[in-house]
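Working notes, beginning with the structure itself.
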There are 2 protein chains.
Amino acid sequence: MTDQESPENTATPITPAVPPVRPKQTSHRGRSVGPTANSNRESEEIPEFEPFMLMPRGPPPLTEYLDVWDVNMLKQAHEENKQRHHTNLYSSDYLIVRRAQEFLIKITFNRPFKPEQDKFAVEFSIGAGAQYSKGTYIPVFPTAERQSVWRGQILESSENVLTMGITPAPDCIVGKYRMHIAVVTPYGIRRTRRDPKLDTYIIFNPWSPGDSVYLDDEEEREECVLNELGIIYHGAYDDVAERPWNYGQFEFGILDACLFILDKAEMPMTNRGDPIKISRMASAMLNSRDDDGVLVGNWSGDYLYGVAPTSWTGSVEILLDYAGSGGQSVGYAQCWVYAAVFNTFLRCLGIPGRVVTNFFSAHDNNGNLKMDIVLDENGRVNRNHTKDSIWNYHCWNECYMARPDLPEGFGGWQVVDATPQETSDGMYRCGPASVAAIKHGQVCYPFDAPFVFAEVNSDLVYYTRSKDGTLDPVKVNTSYVGRMVLTKAVLDKGRRDITHQYKFPEGTAEERTVLEKAEEFGCQREKASVSQADVDVEILAQEVQRGDNFDLELQFTNHSSQQRVVDIYVNVKKEKVVVHNKDYQNKLVEQGNLNFIATGKVQETGRIVTAMRVITVHNPKLTVQVSGSSRVAEEMYVTVEFTNPFKFSLENVYVRVEGPGIMSINTKQYSIIGPGNTITWTESFSPRRAGTTKLMASLDCAALRQVYGEVEVTIEP
Amino acid sequence: MTDQESPENTATPITPAVPPVRPKQTSHRGRSVGPTANSNRESEEIPEFEPFMLMPRGPPPLTEYLDVWDVNMLKQAHEENKQRHHTNLYSSDYLIVRRAQEFLIKITFNRPFKPEQDKFAVEFSIGAGAQYSKGTYIPVFPTAERQSVWRGQILESSENVLTMGITPAPDCIVGKYRMHIAVVTPYGIRRTRRDPKLDTYIIFNPWSPGDSVYLDDEEEREECVLNELGIIYHGAYDDVAERPWNYGQFEFGILDACLFILDKAEMPMTNRGDPIKISRMASAMLNSRDDDGVLVGNWSGDYLYGVAPTSWTGSVEILLDYAGSGGQSVGYAQCWVYAAVFNTFLRCLGIPGRVVTNFFSAHDNNGNLKMDIVLDENGRVNRNHTKDSIWNYHCWNECYMARPDLPEGFGGWQVVDATPQETSDGMYRCGPASVAAIKHGQVCYPFDAPFVFAEVNSDLVYYTRSKDGTLDPVKVNTSYVGRMVLTKAVLDKGRRDITHQYKFPEGTAEERTVLEKAEEFGCQREKASVSQADVDVEILAQEVQRGDNFDLELQFTNHSSQQRVVDIYVNVKKEKVVVHNKDYQNKLVEQGNLNFIATGKVQETGRIVTAMRVITVHNPKLTVQVSGSSRVAEEMYVTVEFTNPFKFSLENVYVRVEGPGIMSINTKQYSIIGPGNTITWTESFSPRRAGTTKLMASLDCAALRQVYGEVEVTIEP
């Protein structure tokens, strides 16, 4: 078995009983064979000449064989490749094409190509240790007789120039490939030298039925793959607020930043053709928890050492900071920031993606379908023992893909969520979970369907806690959680209510069946039948402008014939509250919403009454205006204006403005804006490309957040 | 909202819009509320007196109220608690009982208990921040009117002594609980001081229908929960070898070591009632990869800095080393060591477990159903491009549990595997995967079913690799992989072939259907129809004693009418091989098996012929004898004897001997044993308990491994 002494030590895998010859190499690798390639950045030298036999007298005379003089990747934005592959918007010096669709290259040889005698292959390789069996090395052949997993054909041959069509496999690895041309001679293989200019990005292809991210709807593709302009919904389901976002997936450096995230996660190259694995990995990597991912979460109100979550106007700055710093996590994010940057990642790689907002989102942390709110014996919320949480809203992502790993019918939109809530199988990540599976209570299929199911279907259960620490259910509200799920409609047609995609209508037979189905898979619900109180309380809605004082009005309805006396608490403060500006001014920092909970006890019956309402406090707007000739590469100006409407000064105010394709991020700080004072800020910019887009601006300071403005701009060529 | 200024900062979860008052506390915690308890070792002070109201004049006169003088946990091995709960074998000073089954305690008060006026609770708590809603704090009440999730009742009350029955919930957390008795007075709650002697271990209960690990077969429970003596199968499917193993799950300190592993993994306490989560976590923690787990894998043949995998005789030494060192990984393991220690972990915590051996186990590393063996153009194995591996055998574990997270029919035996092969969702771990799901090709259910399915169902596909790097299938063998799955039969009834539990018989209609079903879930197979060669080759079986030379005989069958000339390679060495002792002596270190692969090419037809066979080389045995009076606590002697049958000396020879319940591990080293020399080693021991058990011994050195001996011993009380 002398051959085992050869440098090839992979004898072990085939004959494990026989120990490998070079122990040190394998001793810490368990049963895996060789290091697994997990970086797109890693490269390797491929020999320019690979002899077939020993050649004592040095290299042979190869003059009579084909020699490559030039290769043209046809990679300009206006050229056919990027146009046909819907990649012309990417700001990049490289060829970017999609899987399962032909692209063209022109090869110039030293002489006309002779099909009958000349043999060559266009070789693509990615990562280190490239191999055909791993899909990291793919030779593409020009002749029909000999084909590899990527189709190749000669489309045109005039004199020395050959136009070749190359079709990457529909499931090929997504990333940046190296490219060589290898000419086969009787003596050996002669290759072109590595030339970075020939590097080619191959990404997902929602336009091709062969690709597992195929989305058969042009309007949806325009929105969920190509649209850089976003709208994110927040506030209250009965008073929805919205804010703009610049996804900027085509901005310079963003595609590289997305691939950097895969490398930072040390994701094996062999997994990088699978949108299921890539989206799950990204849901873990976009938050910094447990893997030094992209964004640091912060709900504290203290953002001294980073950017306030409300201050960002887009994803570009965040992704470029992260990649540019070699993977230093960026501060700070809350749910909509995680979702917006995740959306950029998905669209940039070619996976259809959208941001959705779930109003009254349950964050269940013991895997059941109950949000436990614990009251003390007087009916007052006992915050020390109330551990589950309800968010007035929560944003996550949907991405579109087939699910070959699941039975029929669970492909399509999948929930992924990068906001760290609970660990999934040991890491902070969530999904992809099939929306169809959630709607039908089929929560047994990976990944994390039970958690998402709870976010939209949990019951609100009020308990009273007795002195000895035990809990008794006193009220159950089944209609509160998952009240409405919204996403942006395609092509600026406003909002789109997709609640019905997550659940059947409240109170229908289907809804009951689904809940029972989910229970079969271990989602427990509160079964105790709780007798209703004969008194109802409701918090009345009202429109509140920031800075106004307002009365919070509670309306009681007595269904009984006798008098009822109710001890009522609102957010733990007793009886009817007049909410003064000073009270909430420094409370509703993040999202400009006040979430009121009224709980109490009817003296005569001892029954518990409860009510909840989110009141959105409306903020002043920023005005954004543009001037100058609206032509590509010509100078234009944007003016951002704001007047402080309050009786107090605003301090350390940050203003941001940016616009996809026309203006990268600009920031300005004002140390103070006095009461009634107005600031006016003008910046110049020159549009990079034609078309209709937007400039988006934000104003942010500790006392006033969530102030936005935008203006639409149409640029002529 | 002044109350928010109170130390309770859990205002945030209920009203996320309002930022928490004490930022620093939450700013890095994403949306999780407070730190999650993840250590059983962590404790906390509970106040001995918990006042209900302010008491300006210091503590009140509690003399008239119930006072606890003594608590008796009835925890002796002979007492009914441990007898009824099948925990009498544990060598431990604490009470160890199982879930969903009543155990008894005796409480002595300062005076007789008066049901109508006296109020008390037996409080159990586990980990830090114990809470009723999290299942980490459970008060147990004596009266039927007032009950918590754990049932309590008074069984007997004579004078000051109360006998109370306590039934832990069937899904309660498994681990070590603290216990207090709390008397409720009008002034407040008065508690007994923390007393470690009252600490109680609660483990899984295969005897209770309420527990999700319920196993309805007494013989199976005796074997898979209570048996400390193991047999592990290895070698070749047509020449099976076996070795003994001391699981030692009841030895002193093992239960604590198992709980230490959960703590080392920082597993949230709330998950520790779920055998699915616990077995998955353990499959990750029992190997050292990516989590500093228990065992370091080593297939190198170089074990200088640890114990050779073949040298271990049981799990006890390994688990105590790991826990004793605070979590320093122990060297070295191969598959059977991982499986054996995992089995100890399962049985110790009360989860039915067994070790299984799969002969010809596929290790597929690109998620398809093909084991790729790449041949060069002459039919010789190209080890540089053959990345998948076939193990002549592989050991993993099965554990028995319900799968409420899956549809009906997938509970029962589940595959878990701690040997690091491929990462599952980011970590080296595997399972639990339902054996029923694997048999029926339902590989869409978690966890890792596709990988296990491939281990028993892969096809062996031979490719030839052409110069340009592409591969063409030339031969497919569908019956080679997963040839036989064995486990120990219950109660020493020898071997048990459970292959049929993993797959339908070769060639049946069901088998085809299952493979198609698995393909639906993305397990690809080789479809190319490969024309058979008209020449067959077979490696003939033979019985080989270590030290013998032997001829490896190949038998060729020519199905054609013409002459055929075959170039044949055996493990890369050309033509018919005479295998001399010196050739293999230093090759078959680990498992005493030689795995031969013959591949070649028929000159006339260019077709590929292949054959594989594992030849087990049989080792000399160790003789183990006992003498002395076989009574508990009386002195006995064990004598281990071995004669070197070879013509060469054995150097640095390690001998180990141990026996569950009677003798803990003893080791002796011999620097040299000359040719023909005999060593005799006698050790004294005194049995800890009565019954029939075994002493097991191993002898191990670089030139000779896998030498075992055992003797059965019956100890009288």
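One is the number of the first residue shown, and numbering goes on along the chain from there.
Glycine is treated like the rest: Cβ placed from N, Cα and C.
Because TrEMBL annotations are produced automatically, they should be read as predictions rather than curated entries.
TrEMBL has this to say about the protein:
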type     : residues                               : note
REGION   : B:1-46                                 : region 'Disordered'
DOMAIN   : B:327-420                              : domain 'Transglutaminase-like'
ACT_SITE : B:Cys335                               : active site
ACT_SITE : B:His394                               : active site
ACT_SITE : B:Asp417                               : active site
BINDING  : B:Asn457, B:Asp459, B:Glu506, B:Glu511 : Ca(2+) binding site
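Around B:His394 (active site), the C-beta neighbours below 8 angstroms that are at least 6 residues distant in the chain are B:Cys335, B:Thr357, B:Asn358, B:Ser361, B:His363, B:Thr419, B:Glu455.
Rounded to a whole number, the distance between the Cα atoms of B:Asp417 (active site) and B:Glu506 (Ca(2+) binding site) is 25 Å.
For B:Asp417 (active site), other Cβ atoms within 10 Å of its Cβ number 30. Most Cβ neighbours within 10 Å, among the binding-site residues B:Glu506, B:Glu511: B:Glu511 holds that distinction in the structure as shown. All chains included, 24 other C-beta atoms sit within 10 angstroms of the C-beta of B:Asn457 (Ca(2+) binding site). The two recorded residues, B:Asp459 (Ca(2+) binding site) and B:Asp417 (active site), have Cα atoms 21 Å apart. Packing around B:Asp459 (Ca(2+) binding site) is summarised by its Cβ count: 21 other Cβ atoms lie within 10 angstroms of its Cβ, all protein chains included.
DSSP labels the residues of the domain 'Transglutaminase-like' (B:327-420) in these numbers: 15 helix, 40 strand, 39 coil.
Using the Cβ center of B:Asn457, B:Asp459, B:Glu506, B:Glu511 for Ca(2+), the list of other same-chain residues with Cβ within 8 Å runs, in sequence order, B:Thr478, B:Ser479, B:Val481, B:Gly482, B:Lys503, B:Leu515. Taking the Cα atom of each, B:Asn457 (Ca(2+) binding site) and B:Asp417 (active site) are about 17 angstrom apart. Around the Cβ of B:Cys335 (active site), the number of neighbouring Cβ atoms within 10 Å comes to 30. Between B:Glu511 (Ca(2+) binding site) and B:Asp417 (active site), the C-alpha separation comes to 24 Å.
The average per-residue pLDDT of the prediction over the domain 'Transglutaminase-like' (B:327-420) is 89, rounded to a whole number. B:Asp459 (Ca(2+) binding site) falls within a strand segment according to DSSP.
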